[in-house]
């Protein structure tokens, strides 16, 4: 997956980062978009987003990654935060089981606010802290499989799987979008074919136009 200038792109995909405060969402964002890591552990206040344009085949995708704090007092922003999102990384801290124990609640909140077709990846962050692990890989992987989620373990500190996590989500979104466009094109072709087969041309052409919008 290659880089491209921010002004030159074919699609914009909004991806949200969700999960408890302190799991490393902000550092995943900064590692992916700016290749930076901050050891300052202050909690993110409010909402921020960063962008990075990447190539998927011949298509330029502008990934708009949104980040917010996981504290209860900021939950009032959820509707606007999730609006328009086509992808989500649900992040927990591998070294703190309590952050994993609430991923189901975060998943419910996501589905309450976002489209049902949103692509979701469960991300176990801080994989570099091997000795402090509290969440077994297979336990998290099984939860992801049972809930139809993608799954990866990452380390924003040493960059392990950060690129792969975002790339996998973006590819899955792009695949869905491509299929929708193909289905729309196929539907238009059928409508136009019906018009040519004997329907009133004006009506058939109008129907195809409406379907494609």
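Every residue, even glycine, has its Cβ placed from backbone N, Cα and C.
What Swiss-Prot records for this protein:
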BINDING   21, 24-27, 38-39, 43-44, 70, 125-126, 128, 156-157  GTP binding site
BINDING   26, 44, 67  Mg(2+) binding site
MOTIF     35-49  motif 'Switch 1'
MOTIF     67-84  motif 'Switch 2'
LIPID     209  S-geranylgeranyl cysteine
LIPID     210  S-geranylgeranyl cysteine
MOD_RES   210  cysteine methyl ester
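Locations of recorded Swiss-Prot features on the structure.
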| residue | record | DSSP (3 states) |
| --- | --- | --- |
| 21 | GTP binding site | coil |
| 26 | Mg(2+) binding site | helix |
| 39 | GTP binding site | coil |
| 67 | Mg(2+) binding site | strand |
| 125 | GTP binding site | strand |
| 157 | GTP binding site | coil |
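The shortest Cα-Cα distance from residue 67 (Mg(2+) binding site) to any of the binding-site residues (25, 27, 125, 157) is found for 25. Neighbour list (residue 128 (GTP binding site), Cβ cut-off 8 Å, at least 6 residues apart, same chain): 155, 157, 158, 160. The Cβ of residue 27 (GTP binding site) lies under 8 Å from the Cβ of 37, 38, 156, 157, each of which sits 6+ residues away along the same chain. Just so you know, of the binding-site residues 21, 25, 26, 39, 125, the Cβ with the fewest other Cβ atoms around it within 10 Å is the one at 39. Residue 125 (GTP binding site) sits 11 Å from residue 26 (Mg(2+) binding site), taking the CA atoms of both as reference points. Ranking the binding-site residues 67, 157 by the number of CB atoms within 10 A of their own CB puts 67 at the top.
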